[in-house]
Each structure stands twice: as C-alpha cells, then as structure tokens.
Amino acid sequence: MDLQKLCFVITVTAVISLVCYPSSVTAGDIVHDDNLAPKKPGCENDFVLVKVQTWVDGVEDAEFVGVGARFGTTIVSKEKNANQIRLTLSDPLDCCSAPKHKLDRDVIMVHRGHCKFTTKANNAEAAGASALLIINNQKELYKMVCEPDETDLDIHIPAVMLPQDAGSSLEKMLLTNSSVSVQLYSPRRPLVDIAEVFLWLMAVGTILCASYWSAWSAREAAIEQDKLLKDAVDEIPNEKAVGFSTVVDINTTSAVLFVVIASCFLVILYKLMSYWFIELLVVLFCIGGVEGLQTCLVALLSRWFKHAGESYIKVPFFGPLSYLTLAVAPFCIAFAVVWAVYRTVSFAWIGQDILGIALIITVLQIVHVPNLKVGTVLLSCAFLYDIFWVFVSKKVFHESVMIVVARGDRSGEDGIPMLLKIPRLFDPWGGYSIIGFGDILLPGLLIAFSLRYDWLATKSLRAGYFPWAMLAYGLGLLVTYVALNLMDGHGQPALLYIVPFTLGTFLALGKKRGDLRVLWTQGEPETPCSHVRLQHSEELN
C-alpha cells in the first residue's frame with residue numbers, strides 16, 4: 001500500500017495547508033466600510049451590494065448584482081419598497097457631458113468613460129434621472145469614491161456600478177426590446193444563518209467521532225501489547241506497530257516544518273491559481289477522500305463482516321488488502337468520481353462534505369500528537385500562520401492570500417475543494433458558509449490526544465481533559481462566527497480564536513491539576529506497567 005500512502009500524504013499536505021477562515025459567501029460582502037477610500041460630507045456611504053432586477057416588456061427577466069457608490073442617496077433595503085423604473089441608455093454613452101434628452105425620472109445607464117463618477121452623477125441628476133447605472137470596463141466590480149479635492153457632492157440620486165458582462169446584457173436588452181425597466185434594492189443579510197449552526201455541529205461532531213475512534217484504537221493497541229506481556233514474549237514490538245501500523249507521531253521539528261511547507265504550498269497555489277490547478281486539487285482531494293471514505297467504511301462494516309475484514313489477498317502494486325476493502329473500494333471510487341464530475345451542481349456540497357469529513361477523521365486516526373509540548377508548538381505555529389496569511393499578507397501581496405486561494409479567485413471555479421461548506425439558507429445573496437479543513441484538523445489533533453490521555457489515565461468524564469477541550473473548541477469556533485458577523489462577513493482566521501481557547505484551557509487545567517509536566521513531556525500517565533494501566537482502563541469502561 002506504499003503508493004496509496006504516498007498519495008494520501010500528498011493530499012493531506014495540500015489539505016492541512018489551507019487553514020482558512022471559516023465563513024464566506026460567493027456573492028461577496030454586503031456592507032463594506034473601506035477606510036482607505038476618502039470620506040467627506042456627501043461622500044460617506046458604505047459600499048453595499050445592490051440587486052438589479054430587470055423586466056422586459058413587463059415580464060420579469062435576469063437579475064444582476066452591482067455595488068453602490070460612496071456618494072449619492074442610499075438604496076432601499078426591501079424589495080417591496082423598490083419601484084420598477086424604465087431604463088434608458090445615455091447619449092452620450094459616458095455621460096461626461098449633459099445628456100441630449102431630458103429624462104422623466106428614468107434610470108440612466110452609462111459607460112465608465114474617463115471623467116469623474118461624480119460628474120456623471122451630477123449630469124444624470126440634472127437631466128432628470130432617478131438613478132445612475134455605470135457599466136465598468138472590466139468584469140470585476142469597482143468601488144466608486146470621491147476625489148480628495150471634490151466639492152460638488154450634493155448628489156440626490158443613487159449610483160450603482162455593474163460589471164462589464166452585466167452591462168453588455170442590459171445593452172442588448174435595450175437594443176432588442178421596446179421596454180426595459182429595473183428595480184434597485186440592497187437586502188440586508190441576516191445576522192445569523194442556520195447554515196453556520198449546521199457547520200458548527202459538523203466541525204464539532206467530526207472531532208468528537210475522530211477522537212473516540214483514535215482513543216479506541218490506542219486502547220486496542222494497548223490490549224494487544226498487554227497480551228504479549230502476559231504471554232512473556234521475549235521481544236515486544238513497538239506499541240505503535242501492534243495492530244496500528246499506520247500511526248505517525250508528530251515531533252516539534254515536523255510541527256515547525258509544517259508551517260514552512262504549508263506556507264510554500266499556499267504561495268504556489270496563489271501564484272499558479274488557474275482552472276487547471278483547481279482540477280489538480282480536485283484530483284488530490286478525490287484521492288484523499290477515497291482513502292478516507294474507504295477507511296471509515298471498512299472500520300464500520302468490519303463490526304458486522306469480521307471475517308471479510310480479517311481475510312486478506314495480495315494485490316499486485318498495492319500489497320495485501322482485505323476482502324472487505326476490495327468490496328468497498330469500487331463504491332468509494334465511484335462516489336468520488338461522480339462528485340468530481342457534478343461538483344458544480346447545487347447539491348454537490350453534500351458529496352464534498354462527506355468526502356471531507358471522512359478524510360479528516362482518517363487523518364486524525366493516522367496522525368497523532370504524542371504530548372502537549374508538540375501540540376503547543378504545532379498550534380502556536382498554525383496560529384501565527386493563519387494570522388499572517390489572512391491579515392499580514394495584504395501588506396505584501398496587496399490582498400489576502402488565504403482568502404484569494406480559498407475562494408479560487410482567477411481560477412474560474414467556485415473555490416477550492418478542501419473545505420466543508422453548506423449553502424446559506426436564509427441569505428438573500430445566497431452563497432455558502434465554509435470552514436477550512438485545517439481549522440478542524442489542527443485543533444482536533446490536540447483534542448484527540450486529550451481523550452487518549454484520559455483513557456490511559458483512567459480518568460472519568462468529569463475529571464478528564466477531553467470534555468473541557470471539546471467545550472473550548474466549540475466556544476472558540478462560536479466566537480469566530482460572532483467576530484465574522486461583526487466584521488460584516490469579512491474572512492476571519494478561525495485559529496486566531498480557536499487556538500487560545502483550546503490550548504489555553506488545556507495548559508491552564510493541566511497546571512491546576514498538577515499534570516502539566518507529564519502532559520508536556522510524556523503524554524501518557526505514569527504507571528508501573530502497561531497491564532496495570534490496561535486493567536484500570538477496562539474497569540472504568
């Protein structure tokens with residue numbers, strides 16, 4: 001299974017490096033207060049997204065999204081308060097000079113041209129327009145601001161910028177139809193969407209399941225070793241190799257190295273972001289997802305099909321595989337392939353989440369934090385990594401590298417696949433709430449360690465570290481969402497909040513209980529021998 005493990009390790013490296021903010025929407029920010037854009041009386045609006053609903057000859061047609069200007073009047077938030085108004089194309093097209101014809105409270109559509117936005121707005125208002133639609137000369141939206149020396153800012157009509165493709169569609173409507181009308185409004189996003197609640201439950205539930213599986217597997221390994229001790233075996237295999245050959249312990253060097261490798265990988269993603277690179281990530285994600293789903297299904301089904309799970313056959317190139325693995329593998333491969341082919345459909349997020357959760361659980365089963373020292377180094381480095389690539393990278397690259405990569409900007413795709421996502425159900429702007437795999441995996445390594453320690457130390461649920469670690473993670477993620485909503489939907493580095501809660505709680509509790517030295521260095525309770533520890537564990541459970 002060397003090839004299988006190699007592909008899995010490559011995928012895990014790609015996955016964990018994307019420790020990105022937990023929630024975003026594909027429509028962009030609803031309200032955005034840009035401190036870099038100058039504000040002055042008459043030019044102090046927040047930038048808001050605006051819906052432009054169209055009617056052609058009285059029949060409802062396409063809807064476009066634009067962004068409101070810093071100047072002019074504000075746009076109504078409720079659709080029922082927005083009127084349908086006839087749309088007119090400006091003459092001259094750029095409206096840098098007064099329109100040739102007077103307007104009867106029409107919405108005037110103009111090209112961007114080369115004059116100031118406020119000049120266009122003043123000319124349109126003087127001609128009798130009720131609103132101004134400016135068509136950008138690029139596909140992206142642009143923030144319409146005021147020049148520092150402008151004084152003629154007493155503008156009483158709203159101005160909206162539309163992307164180039166939307167403008168082309170509207171112009172075609174105007175040229176081929178007798179009547180086109182529009183309705184402008186900017187609906188507010190709900191403070192909390194139910195999608196964030198479900199995403200929180202998914203993240204917490206994934207860590208909970210993975211932690212119990214990891215602790216159970218560690219106990220099975222301890223049972224196997226105890227049998228060897230009782231049988232007076234002369235040469236005892238390494239504990240990690242008994243019935244659990246795929247466990248990898250992280251050390252402090254690899255914890256620091258992770259940040260370096262992850263940063264390099266993130267920069268590569270940022271620089272090479274394109275359609276074909278997203279396709280490569282999809283392939284890697286599918287490989288990891290197939291391995292994860294197969295591992296989870298085999299572990300689950302082996303309870304009922306024990307003989308098939310323990311019977312092996314040697315397969316060329318892959319080595320010995322159980323009959324149960326051979327039976328499950330085609331289903332897992334087919335599931336991943338179907339998701340990859342139809343990943344752009346509206347319900348594809350379900351398949352992505354299933355593959356992602358299976359992958360995360362499998363990684364937490366394979367990769368272990370051996371003690372609190374390694375966990376502290378790993379999470380501290382990830383904490384700095386997250387902050388740097390979400391916030392500080394703006395100073396170097398003029399945009400947040402993490403956010404650009406997570407959204408899949410410049411790739412023509414709707415974001416990278418290494419995310420759990422749920423569609424926002426009550427958001428008028430649609431989009432998804434998302435959380436990066438790293439925001440679950442990295443804290444999950446420490447939380448899984450806490451449960452393994454509790455079981456080996458025969459601690460009760462109340463006296464253990466695991467319930468407090470889970471509670472701290474849940475609160476940290478909750479605070480992340482609160483911060484996200486307070487920041488008007490701007491991306492937030494989840495580990496900025498999760499790491500202090502989770503790691504801080506663990507360190508403080510270990511210090512208070514006097515276990516910090518053992519947790520920090522050994523990661524296992526001090527017991528005379530493993531069979532005594534095992535006997536206590538069996539009595540507790």
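In case you wondered, yes, glycine gets a Cβ from its N, Cα and C as well.
Just so you know, TrEMBL annotations never went through curation; they're auto-generated.
Feature annotation from TrEMBL assigns signal peptide to 1-27.
The domain 'PA' feature in TrEMBL is assigned to 102-170.
Under the heading transmembrane segment, TrEMBL lists 197-215 (among others).
Residues or ranges marked as transmembrane segment by TrEMBL: 250-270 (among others).
The transmembrane segment annotation in TrEMBL covers 276-301 (among others).
The transmembrane segment annotation in TrEMBL covers 321-342 (among others).
Residues annotated as transmembrane segment in TrEMBL: 348-367 (among others).
Feature annotation from TrEMBL assigns transmembrane segment to 374-392 (among others).
Feature annotation from TrEMBL assigns transmembrane segment to 429-451 (among others).
Listed by sequence, the residues of this chain that lie at least six past the ends of the transmembrane segment (463-484) yet keep a Cβ under 8 A from its Cβ atoms are 21-23, 192, 196, 200, 203-204, 207-208, 211, 439, 443, 446-447, 450-451, 453-454, 457, 490-492, 494, 496-502, 504-506, 509-510. As annotated by TrEMBL, transmembrane segment applies to 463-484 (among others).
For the transmembrane segment (490-509), the list of distant contacts is 19-24, 29, 32, 372, 375-376, 379-380, 382-383, 385-387, 389-391, 400, 402-403, 406, 435-436, 438-439, 442-443, 446-447, 450, 465, 468-469, 471-473, 475-477, 479-480, 483-484, 516, 519: same-chain residues at least six beyond its ends, Cβ to Cβ under 8 Å. The feature transmembrane segment is assigned by TrEMBL to 490-509 (among others).
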Intrachain residues whose Cβ lies under 8 Å of the transmembrane segment (348-367), provided they are six or more past its termini: 11-12, 15-16, 202, 206-207, 209-211, 213-214, 217, 246-248, 250, 285-286, 288-293, 295-296, 335-336, 338-339, 342, 417-423, 432, 437, 440-441, 444-445, 448
When counting Cβ pairs under 8 Å to the transmembrane segment (276-301), the leader among 197-215, 321-342, 374-392: 321-342
DSSP helix/strand/coil residue counts for the domain 'PA' (102-170): 17 helix, 14 strand, 38 coil
